[in-house]
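Working notes for the structure below.
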Amino acid sequence: SFQVLLIFFALTVTLSNSADPDPLQDYCLPTQAQQHQCKSSPSPSDFVSRVLGNAPNSQPPQTWNASLLSSANFPALNTMGLSIVRARLGVGGTVPLHYHPRASELIYIAEGEVEAGFVDSNNVLFAQTLQPGDVMILPKGMLHYQYNSGSSRATVLASLDSQSPGIVLPGPGVFGS
């Protein structure tokens with residue numbers, strides 16, 4: 001299990017070099033006073049976040065929730081070109097059809113059974129039922145979804161190769177405007 005997570009995060013680092021520009025320094029934790037200045041003496045705790053571990057659990061049926069770890073709530077990610085999401089899906093829960101205009105997404109199934117898929121620019125659906133330990137890549141700009149097709153709660157960890165991946169939900173975008 002630890003080795004799988006280690007591989008997942010190693011792939012995350014590889015992906016993080018593909019979207020955002022290279023940083024000009026090792027790190028830049030913004031100061032509270034001015035977001036465009038870096039802290040002069042960060043502490044080890046500046047590089048740790050408990051956002052994903054303290055996230056709420058979804059309750060069945062057909063619900064989901066997600067916790068995003070990005071530079072907005074974890075300043076150590078500033079200039080790193082990466083964001084991480086933990087999604088919990090109740091039985092029948094669905095992360096609705098969406099896309100990220102500035103990021104590819106690598107998903108890792110931590111628990112449960114999840115059907116995940118994306119539609120490419122030729123309108124071909126690539127869908128797969130995933131089990132714990134499985135990983136799937138969702139290319140940048142492709143409409144995609146995740147659906148808990150199992151009989152128990154599912155947890156998905158997702159790594160995005162941008163500190164600002166963006167999210168577009170076509171339904172609300174088209175019909176809600």
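Even glycines carry a Cβ here, placed using N, Cα and C.
According to TrEMBL, the Mn(2+) binding site annotation covers HIS98, HIS100, GLU105, HIS144. The local packing around HIS98 (Mn(2+) binding site), expressed as other Cβ atoms within 10 Å of its Cβ over all shown chains, amounts to 16.
Here TrEMBL flags HIS100, GLU105 as oxalate binding site. Listed in sequence order, LYS140, GLY141, LEU160, SER162, PRO165, GLY166, ILE167, VAL168 are the same-chain residues six or more apart from HIS100 (Mn(2+) binding site) with CB atoms under 8 A from its CB.
As annotated by TrEMBL, disulfide bond applies to CYS28-CYS38. Residues near CYS38 (disulfide bond) in space but far in sequence (CB under 8 A, at least 6 apart, same chain), listed by position: GLN25, TYR27, CYS28, LEU29, PRO30, THR31.
If you look up TrEMBL, you'll see 50-176 marked as domain 'Cupin type-1'.
Marked as signal peptide by TrEMBL: 1-18.
Confidence annotation: the domain 'Cupin type-1' (50-176) carries a mean pLDDT of 89 in the model.
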